[in-house]
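To start, the structure itself, in structure tokens.
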């Protein structure tokens, strides 16, 4: 459960940071100083939060290793391999699910814009 939460947090923060950096890059020369300062402050906060989330992921990784060592004492080799595969794939699948959700969201937004333009 913690792995899910941390991976989702990392993905969310990374996405938000990318959007803020994109917004900063798209600011024109006539953008107000207030807008630039606000976006830079948001960027700074997101970078700090992302670093904290990475530390959390490391902590969860250490806990995962400890749990894996305990589980290894009680499971037969075949079941242990299944468990290890499950843990590895879970993070990858969460990331893939999040990416697909973002693509669906983008497609829906593009579809809405097309409908409005007609």
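Every residue, even glycine, has its Cβ placed from backbone N, Cα and C.
Summarising the annotation, TrEMBL assigns domain 'ASD2' to 1-118. Per-class residue totals from DSSP over the domain 'ASD2' (1-118), listed helix then strand then coil: 108 helix, 0 strand, 10 coil.
If you look at the coiled coil (90-117), the same-chain residues 6 or more away from its ends with a CB under 8 A from one of its CBs are 3-4, 7-8, 11, 15. The coiled coil annotation in TrEMBL covers 90-117.
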